[in-house]
Amino acid sequence: MNNKQEEIDQFLSSTSTSPSPSSSSSPSNNDSTSLKSMISGIENLNVHSKGNDNKNNNNNNNNNNSNNNEKQKDIVSLENNSSSNNTTTTTTTTTTSNHNSNNNSNNNNNNINNNNINNNNYEPLVNGHNNGFGDKLNDQPSPSSHRVSDFSDEYSPSKVRILVADDDDVQRKILNNLLKKFHYNVTLVPNGEIAWEYINKGQQKYDLVLTDVMMPHITGFDLLQRINDHPVHRHIPVILMSGTAVDYKYANDTIKIGGQDFLTKPIAKELLKKKIDTVLQSIWQRRKEEEYKATLAQEREKGNKLAKEMELKEHEIEELTKKVSKMSSISKEAMESPLVSVTRNIEELLKQSSWSHYESEIKEKLSSILKELGSSNIYRPSFEKLIKNDSVDPVTKSFLVSEFSSTTSRRNSIPTFPQTTYNRDTKEVIKGWEFDVFKYSEDDLMPLLVDMFENFQLPEIFKIPIEKLQRFIMTVNALYRKNNRYHNFTHAFDVTQTVYTFLTSFNAAQYLTHLDIFALLISCMCHDLNHPGFNNTFQVNAQTELSLEYNDISVLENHHAMLTFKILRNSECNILEGLNEDQYKELRRSVVQLILATDMQNHFEHTNKFQHHLNNLPFDRNKKEDRQMILNFLIKCGDISNIARPWHLNFEWSLRVSDEFFQQSHYETICGYPVTPFMDKTKTTRARIAADFIDFVASPLFQSMAKFLKESQFLLKVISKNRENWQAYMELQKEGKCNDDDLQFMEDPTILVKSKLPKIDEEENRDKVSSSSSSSTAPLTSTSSSNNETSSS
């Protein structure tokens, strides 16, 4: 073994330079166009200049290429006594040496590898966010997918990219020359840490990792574990190498933790190729089989789908034939010409034998004839008769109206407002604290918003056309993202209904004007408009288009406010067109402040300011600043009101918001951003999140609410009971009787906690809630003021 090593050292020292690679396989930043890449490119100018110096020596290095290859063959023969291919082949490799003298090779290797790493402008993917209005925010960030080789071709070493990690310079060079002879594409790195950087952040994707076991910082086993634990890279096969005395133990450990194979140094050339080809050919073949099976399944699915479509088309043709036949008979009956009608009436008159007996009937028929002949649209009655026929389906009626009716307008193509009709009891229910928003669909909820506006006479006072109010509500609904678990239209309605309860059942309207209430209802509906499901912290860390647009300040709240007035600027949704200039300015100022007040980063500032005013000064309804403070307080209470709802509603909302939190922390981890601690599923639970939110955020706010609005004092007991329930869940989790993920499958969330808590006095709570819900404010009365506002008290 010593003789072998001496011969290797002698060969290496006799060669002062080695062939320069024809092309680098290390990641490059040439294609990057981001601001981050440009800055990194400027910082690494020196690195590029060093790379150019290496290129100047390329010609001299190539002159020695054949000699080096011949000498390398001799080295290989020392290990396995086998002959090698005499053909010199240039392959794409990434070297980790500057090819200087043998004495400085180790330091230069490390420097060049570090330069290669620094020269890569890695950019964790944050998909979407390419629009100032956040139109692409629903494209949630995901890690780059592993390169899938072209498995339609046969396996070939020239298609294989191998990453070699070894801290021994000599071993790296030997492996490099061995693998080059078999036409593999090779990237060399001096340690596991750099290898992981290349795998995880480099632009190059690898088909195999060949790593030494004993390396500083990150061992071969550590690198293997990281690859196996990663959702994207876990499919990369790993072969470990070692030359120590406990190889058999390393071999067993390699298989146990998911490695593909183990090699003992020194490695024979043919054995190395056989091991690599065995691993990769099996993967190649397996993926070809999977691809073939997937193709067969797709073809089978297409065949079944086509058969079903043919069957459906035959049924549609049969139904269409029946419909055409039916329509033919209907049209003959309905679409008769006016002259036919007149002729028939006259013929009936002529058949009368004695006109004197039918004088009244004759006058009636003649009057009908004159009316038909004098009509400006004498065909219209027949057309309307056809439209009203019950045998004509809605689609056909819509087609006839849109194509043949002179009253058709562009609005006929726009979706119509849901026409759900509610009785008086339902309209009273939305004033109650126990209103369950989850029992209604979005189409059911939208008409209730119109009722809220009408209850305060806002359409009459501010001249709001009902059609435009409906169009505004539908547009707001459309801009909320349906795939969000928490920040969706249901949440927006829930906040609006809560604030509506404050105004009516809790008598908060007495402190406000009609214009204040108008602004408050708009703000509640729009306060989370187009929310992407990721909070401001994520926007700033990811440097999304929205964070750049609003300079990292209340990013989402500014976005919600901007979209609100963008909708209101549309002529079909402009419910502010009846306001004068002063009213519009005041409403806009108020709406912007209200939506910005929902930014939780400013929560304690708003809360403390309100508490200080409440403790020291009475609120003056004539002061605009006092009314705005009340408005901000009401929308903030509404925004987090789910903690004061009955237990089953608080439970459902808490699950939904924690789902969004956990989703954000998951993507923060993948993208390498700082993980928000209270959202990290590995460090907290749903019950812990809910309990902490009650303790530190919601409870102080609703204590002020109870002092400000006496009718709301019973909410403190509801909050206390909810807090006890969450505490019970935390204790059950500590005892191992309840798993955090099990909470989302519970039909009755009170079952588990009953064993830990005294029975809830449901009757007492129900009486208190119903007594508060039954009280509502009297209709608002109009009073004139300097700016044409009306009082809401």
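Glycine residues also receive a Cβ, built from the backbone N, Cα and C atoms like all the rest.
Bear in mind that the values here come from a model prediction, so they are computed numbers and not experimental data.
Annotated compositional bias 'Low complexity' per Swiss-Prot: 13-34 (among others), in sequence order.
Under the heading compositional bias 'Low complexity', Swiss-Prot lists 54-69 (among others).
Look at Swiss-Prot and you will find 80-121 (among others) tagged as compositional bias 'Low complexity'.
In the three-state DSSP reading, Asp212 (4-aspartylphosphate) counts as strand. Listed in sequence order, Ala165, Asp166, Asp167, Asp168, Gln171, Gly220, Leu240, Met241, Ser242 are the same-chain residues six or more apart from Asp212 (4-aspartylphosphate) with CB atoms under 8 A from its CB. As annotated by Swiss-Prot, 4-aspartylphosphate applies to Asp212, with the evidence given as sequence analysis.
Look at Swiss-Prot and you will find His491, His527, Asp528, Asp639 tagged as divalent metal cation 1 binding site, backed by similarity to another entry. Long-range Cβ proximity for Asp639 (divalent metal cation 1 binding site), meaning a same-chain Cβ under 8 A and a gap of 6 or more residues, is found for Val495, His527, Thr598. Following the DSSP three-state reduction, the secondary structure of Asp639 (divalent metal cation 1 binding site) is helix.
The feature divalent metal cation 2 binding site is assigned by Swiss-Prot to Asp528, with similarity to another entry given as support. Secondary structure at Asp528 (divalent metal cation 1 binding site), as computed by DSSP, is coil. Cβ-based neighbour count (10 Å, all protein chains) for Asp528 (divalent metal cation 1 binding site) stands at 24.
Under the heading compositional bias 'Low complexity', Swiss-Prot lists 770-793 (among others).
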Since the record lists His491, His527 as binding-site residues, which of them has the fewest other Cβ atoms within 10 Å of its Cβ?
His491
Around the divalent metal cation 1 site recorded as His491, His527, Asp528, Asp639, what other same-chain residues have a C-beta within 8 angstroms of the site's C-beta center?
His487, Ala492, Val495, Cys524, His531, Thr598
